[in-house]
Number of protein chains: 2
Amino acid sequence: MNLLKQKILKDGCVFGDDIIKVDSFLNHQIDVTLYNEIGKAFKERFSQYDITKILTIEASGIGLAAITAQYFNNIPVVFAKKTESLNLDSDIYSSEVFSFTKNKSYKIMVSKKYINPNDKLLIIDDFLANGKAILGMKEIIDQANATLVGAGIVIEKGFQEGGSILRSMGIQVESLASIKSIKDGIITFNN
Amino acid sequence: MNLLKQKILKDGCVFGDDIIKVDSFLNHQIDVTLYNEIGKAFKERFSQYDITKILTIEASGIGLAAITAQYFNNIPVVFAKKTESLNLDSDIYSSEVFSFTKNKSYKIMVSKKYINPNDKLLIIDDFLANGKAILGMKEIIDQANATLVGAGIVIEKGFQEGGSILRSMGIQVESLASIKSIKDGIITFNN
């Protein structure tokens, strides 16, 4: 997705050889026009499927998923929650995710009411690096005996193992920008 | 907003005299069609202002804010972050918020890059109860010497003090549904 890659090159900030910050448009400040283009691009990549729901994870995935759902006939979005809220249903699917960014494990959960065995789910997330968040969401979909159609990712760190792991499991992973490497402040894309 | 009130009566779950769960359409599963109606309603309530940005707080506010921004010419959304991420800028505005739902205090922060003194901000959030989250965001706007235009709330717990506190400070608070009371499982609205 050219617009996205141009935006990454123009507004992304690189730290060392593996950290890229895109919080001016993707995950702290939101460029709503770009989000809509991202939603359209996900629809193109997954147009052949009869998707019933979008699954994402709080927090950065929520806005992306909500905007993207508009291009899938306003199907419901479900976002996995990260912490145990007193108001959350006790009847939940859950899994454990390790975050390298935050250097800790956390539990994610989805109320059993919102995924059923007939659901065909598209996972949407902002980043794919080691793949732990996607695997955690897949585990929840498996617990519900529902179907994972694929994963739509905005930025894949192609130099980390997440993409390979997920694709080797047969999951259709569609990244709108896949970063091959970051060297001396220069970002190179795979596609 | 009638559609919202009907949805609350139909799908909301009440616990005791003060807890209402609307996670089937508002803050766990997202009804994207309803979110669009909510966005339109916020535009109607704040159409007279030249708003430059929407400010919200992770997690539930993000989807609402992103969809709502579409009705304000796709102005940027900024979401305050709740926890100290290793990737977050050190140059931040911050404040402390106490959550009664989670029974703990947390820090919220916004990078200084994303609010400037010329900004006129509309705060969007899903719930208003004691007002602490809105006050925390107001503090951040004040730190940036920016202008708070008002607060668009989906559901106000009118029987708690948040709305009165904010309105007595001169803040224009627009709630799309204001709950007067919850008694014996019966929800009564103010407006």
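Every residue, even glycine, has its Cβ placed from backbone N, Cα and C.
As annotated by TrEMBL, xanthine binding site applies to B:N27, B:K157. Applying an 8 A CB threshold to same-chain residues 6+ apart, the list for B:N27 (xanthine binding site) reads B:S60, B:D126, B:F127.
TrEMBL lists B:35-158 with the feature domain 'Phosphoribosyltransferase'.
According to DSSP, B:G131 (5-phospho-alpha-D-ribose 1-diphosphate binding site) is assigned to coil rather than to any helix or strand. As annotated by TrEMBL, 5-phospho-alpha-D-ribose 1-diphosphate binding site applies to B:A129, B:N130, B:G131, B:K132, B:A133.
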Out of B:K132, B:K157, which of the binding-site residues has the smallest number of neighbouring Cβ atoms within 10 Å?
B:K132
Per DSSP, how many helix, strand and coil residues does the domain 'Phosphoribosyltransferase' (B:35-158) have?
39 helix, 46 strand, 39 coil
Would you mind ranking the binding-site residues B:A129, B:A133 by how many other Cβ atoms sit within 10 Å of each Cβ and giving me the lowest?
B:A129
Which of the three DSSP states, helix, strand or coil, fits B:N27 (xanthine binding site)?
coil
Looking only at the domain 'Phosphoribosyltransferase' (B:35-158), what is the mean pLDDT?
94
